[in-house]
Structures are given as structure tokens and as C-alpha cells.
């Protein structure tokens, strides 16, 4: 029972085997006391890391102590708790079954969820994107063949609206894994770098980030190695970007030292897994003998495309596996499969390293053939087809009103600082893009991540004062590597085709890496960088380094690294190699369309502003907004108020705008009012009697206005009937123009009368008057 875990919620000991085991009742209280004593004796430990003007506090041993590893990372008043748990029995999966979930709680910001159930439902885009960043930072450091279900949960405990929690979560995951007995070759440290007024700022606050031209997250490993990069930038220069990476790596080393100090104080001992799922050297050696020459022939046959190459490799795989099963009948099925994978990867990589050639015949720095086409469909606001090798992407642009942008509720704004967004890019990867069958409903994490990267690439060139919400869709029709960067290229072309005045064209490219490692030192002794990688080069390589930008600078970057760290030198070379390729792609794109169209498509949407005087606003809006709703329903336009007298009208087509304009002109038409003279006396017709006064018209097509009781007579009255007034009766009134505050017409009957000179008693009935003598019907009419 020493290997069991105690669960206080159900008073059970859970053995590490799957079956539950219930303690005898007499032993339960004793077991609970023993666990509590262990907690109190262990205590909690904490370290603080100084990062320039910021301080990072890392603690463990106080919260979530049943987990294999747990930690709380805090900066200012923002705190994130991270737990790590890994099973001790292997998973049937033939890959590393790691799940990372980052969750934001409304309570962390002192708010209540705004949905119907008033609780956290589903996962937001921000949570998914943060989970992906954490996953990419820690996954490369698990040992090869560690196929044990592992879960890392990041729980936002508190957010102060100043310090961003995502970088804290990366560091928290590193601490939780380092302090656990889970096999993991960490730690890693992560920081955010911003450039504000030319200064490099470490972990800038949310307010500082609003004025930063760079948002770079760097995850580093010991010895100044880089594990993960994620960045968006305002088209900054390459040298500034490279320097920011170096600054980030420097500060990650300080965090790593703090974590190592905490691990040393805790005295962590890593568990020994039952087995690591790596094939035996004997089977690999025999596989090498069977398949090496045939694989070499396939990988050096430059006539193959993706489909034929995959078919040829699969044929060799089936033949080899059959022979391996005969030779090693007792071998695990996984060893048979993985042995072939090891040999195939070895042959593929040796060709790149030794012969400087790639499986499609290109040299290391060559691009695939690129072709572009715009204005694919006339009815679309903008469209483009981007083809790079066997990767094909169709991008479209759609305009809508500013009201159609993404709206953030109060909770999201409080936690993330994200406000309304009027530019978005949505990426779709249907199964037919790789000749597969699969579900097409819902949005998976990969699609969201790729779309977010392409959106970052294009956002800096979008004009901030554009009068429409812009939605770019990117549908991958064929995929053989780097579809996210193809989406950035296609999106740029579609934006120019639609007439969006972007400041510059944007292109993106992916750089791959193949390394040779010294088996004794574990360090990279040789490597090759590959420009514009294929899918097979991504699979067999060590890095997928995506970078996008303009001719001038960089707008987005994402580095997925499969090694437990690469030197800064390789990253700098990758950026330089990508910049050369990016400019070459832009030259090809400019041959198709070199600048945005001077005007939008004829069938595109239209936006206009309409001036509605305060005096006409009530009629324009109508009772309960009736006129506005009717206008929007009949014409399809969207109307939003800009200020007191200005309304913005969005129409999906010019014809809809024409209809709306006629409707507005007709409903607000009032020709006679311009002829009314200030201070003149006019004859008004009573159309309605109310408790507060009478509704009158000065001319037939006028909207009735209220003549208040206080302006009916010199004497104070409680109801118009006290004066004998009736519907249809004509009375004399004086015109005093419009009220500048609310635009209402100002009329008075009282000023045409002589002041009252007598005072009488107050009556309580509706016909009573307060001041002066009772007025007969005849006297009223005479007035």
C-alpha cells in the first residue's frame, strides 16, 4: 500500500493499478492523520526571480499537493496555479499523450460569467491559444518513447489587469514538471519581450503592451537554448527582432536558475518508467538491412510527388514489416512499426545532411513553384488563390458593418484586456486537403492556432480607420506543408483584390531543420536549414519555423521545435534565410497584383453617414425604434448612431443604400418647417388631449408636438379640459424655434394672454383651475 494515493473526498486509497481498493473502516482515520502530518512536515518553498523592474515569485508545496507536481507563479497580483499528473502505466497510444489545458476563471477577475448559467462553459480562443503555447514549450523535453498519459492543468487564480498570465502559466508548467517525479528534461523559462519607444522591456504590463511594436514570447532551456518562439510585431526590422530574442533568452536563464534552486531544495527524484517505447537496436539494424536501399531510391527519385512518394514508402513499409514479423515473432507490434520509422527518418535525414539535396530535387534554399490568382469569383468582395508546390489555399474577403465585429464581454475584457475586433482571419483545413475522410464540424485547436498566426501576420498592415469589419477566410484545398504561411500570402492577395488599402503586401514561409547530434555530449554538431519545407520534411525534421512579414520587416513568427533546445545561432540563421525567401515570394505575388485596387468592387458594401437633426430624431427612430427596425428589415442595411445628430448607415450593396436613402429622405421630409419664423404667431390644430397638455399641428404633414399645460394659459391648470379645449379646435400659438438640448419645437399659447390678476380656491376635479377666474366655453373660443 506504500505506492497508493490517498483521496480525502471519498476516503479511499487508490492503488496505481486501475482497480479501487477500500481500506477497513478502523484504518481510515489513522491514514488521514498520517497524510496531514506529511503535509505539515513538508512545508512550502518559494523563490523570487528579478527580471529587470519585474519580480517573478515561484512557490510550491501549499496547494494541490496530491498532484505529482504543482506550483503557483505570481507577478504583481496575477497568479497562476499549474499541476502536472502522469500515469505510471503506459498508454496504448503510439505517441506522447500529453494534454495541456489553460483555464481562465471569471472569479480571478472578480466577475461573474455573463452566460445564462453564470458559470464557465466551453473553452475560449484565448485559452486554447495559450494552451498551445504551453504545450509547445514543454513537449520537446519529455524523453523519447515516454508514452504515458500526462496532463498539465493551468488554473488562473487571480488577475490584476496589469500583468499577463500566459507567460506565468508556461513557467508554472515548467516548475510543476520539474518538482514532480515525472521524467522530464527541464526546466524551461519563459518571458515576454516588448519594444516601447525603442527600449526592450521584459514582461511589459498590459498598458505598456498597448504601445509596444513587438509581442514576443521566448521559452528557453538551460545553456541559452531556445525551445519555443511566438511573436507578433508591427513590421519591425529584422535586426531589432533578433536582438529581442537574445534579450529574452538572457532573462529565461535567470528563471531557469530559480527553478533549479527550488528543485535542489526540494530534493526531487524522478521515477523510472516501466519502459520507454523505443525499438531494440537489433530490430532496427535488421530493418536497416531490409529497407535502406529501397528507401534511398524513393527519396532520391525527384519525379515523385506527395501522393506517389507516400505510396512508394508505404509499399516498402508493408513488405518490411512482414519480414520483421517473421524474423522477430515475439517482438511488440510497436517495435516493428517504429523500427521502420527510425530507418526511414535516418535515410531521409542523411540525404539532406550529406548530399545537400531534398526529396523533390530542390537545394536547401530553393522555393517550390509559386503561382497566384485574384478575383476568382465576381460576386465576392475579394478573393485569391495561392499555390505553392502542392499546397493550395483559397482566400476570400468579406466586408460587413462595424457592428459585426467580435465583441468582448466584460469578463473577457477584465481577464485578457481584449476589446472589440474588426479584423479576423478564419482558417479551415478540411480532410480532403490530404485525401482523407473526417469530421468537418466544429473547430479544432490546430485550425484555431494556424488561423491566429496568419491573422497576426496580416493585422499590422490593416488600416485602423477602415469603415468596415473585415473577415478573411482561408480554406486549404491541398496541403503539403506550410499551409498557415500560404494563408498569409493568399490573405494578402485577397485583401488587395478587395480594395483594402493595406500598407504593404505580406508573405510567409516555413524554415525546417535537420540536425546531427553528438551522442556523447548531446549537442548539435552539424545541421541544415531548409527553405519552404514539405510535409514530409516537417515530419522527419527537427523544426517548423514559420515567419511572415513585408519587404521591410517582420509581422509574425512561430517556432515549433522538436529538440530539447537549439542554439541562438541557428535561430538567427533561420530568420535570415526566411527573409530572403520572403522577398522572393513577394516579387512573385507583386506580378499578380502589386497594390490594392483603387476602389472596392461595384457590388460591394457601402457605408454613409446621415445627418438627422434633433427635431427629426424621434420621427426617424419611431416609437420603440419601429422606423429603424422597419428600415433595416426592408432594405437589409445596418444603422448605428455616431453622435446626437449623426447616424452611420451600412448597406450590403449600393442598391440597398439607394433604397435606404430614399426611405430616410421620405420619413424625415418636412418642407414647411423651414418657413416658420421665430416669434411669429400661428394657428394650431389640436389632434389629441393628454393629461400633460395637448398635441397640436401647425400644418397638415407635420408630426404633432406637445403644448404643455404650463404653456396653455397664464393660470396654472391640472388638465386641458379645464380650459374647454377639444380635439379639432384651432388655437393661436407663438413659435420659439427648437430646444437646442433635445430638438423639440417650442410653442406657447400663454404668452398671447394677459397676466392673471386674481386668485381663487383650488378645485380637485379635472376641470379645476388654480389661478384666476373660471373660463367659460365661449370665452375660451374667443381667445
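Placement of Cβ uses the backbone N, Cα and C atoms for every residue, glycine included.
Values in this document were obtained by computation on a predicted structure and should not be read as measured data.
Note: the domain 'KH' (605-664) comprises 32 helix, 16 strand, 12 coil (DSSP; helix = H, G, I, strand = E, B). Among the features that Swiss-Prot reports, domain 'KH' is placed at 605-664.
Swiss-Prot lists 679-750 with the feature domain 'S1 motif'.
In sequence order, 224 are the residues of the chain that are 6 or more apart from residue 250 (N6-acetyllysine) and have a CB within less than 8 Å of its CB. The feature N6-acetyllysine is assigned by Swiss-Prot to 250 (among others).
Positions annotated as N6-acetyllysine by Swiss-Prot: 264 (among others). Taking Cβ-Cβ distances under 8 Å and a sequence gap of 6 or more within the same chain, residue 264 (N6-acetyllysine) has no neighbours at all. Annotation note: residue 264 (N6-acetyllysine) sits in a helical segment as assigned by DSSP.
Residue 285 (N6-acetyllysine) counts 11 other C-beta atoms within 10 Å of its own C-beta, drawing on all protein chains shown. If you look up Swiss-Prot, you'll see 285 (among others) marked as N6-acetyllysine.
The N6-acetyllysine annotation in Swiss-Prot covers 289 (among others) and is backed by a large-scale study or a structure entry. Cβ environment of residue 289 (N6-acetyllysine): no same-chain residue six or more positions apart lies under 8 Å away. In this structure, residue 289 (N6-acetyllysine) is part of a helix by DSSP.
Among the features that Swiss-Prot reports, N6-succinyllysine is placed at 552, with the record citing similarity to another entry. Sequence-distant contacts (6 or more apart, same chain, Cβ under 8 Å) of residue 552 (N6-succinyllysine) comprise 235, 237, 504.
Residues or ranges marked as phosphoserine in Swiss-Prot (evidence: a large-scale study or a structure entry): 754 (among others). In the three-state DSSP classification, residue 754 (phosphoserine) falls within coil. Within 10 Å of the C-beta of residue 754 (phosphoserine) there are 6 other C-beta atoms, taking all protein chains into account.
As annotated by Swiss-Prot, phosphoserine applies to 782 (among others).
Summarising the annotation, Swiss-Prot assigns transit peptide to 1-45.
According to its DSSP assignment, residue 250 (N6-acetyllysine) is helical.
Across the structure, residue 285 (N6-acetyllysine) and residue 754 (phosphoserine) are spaced 118 Å apart at their Cα atoms.
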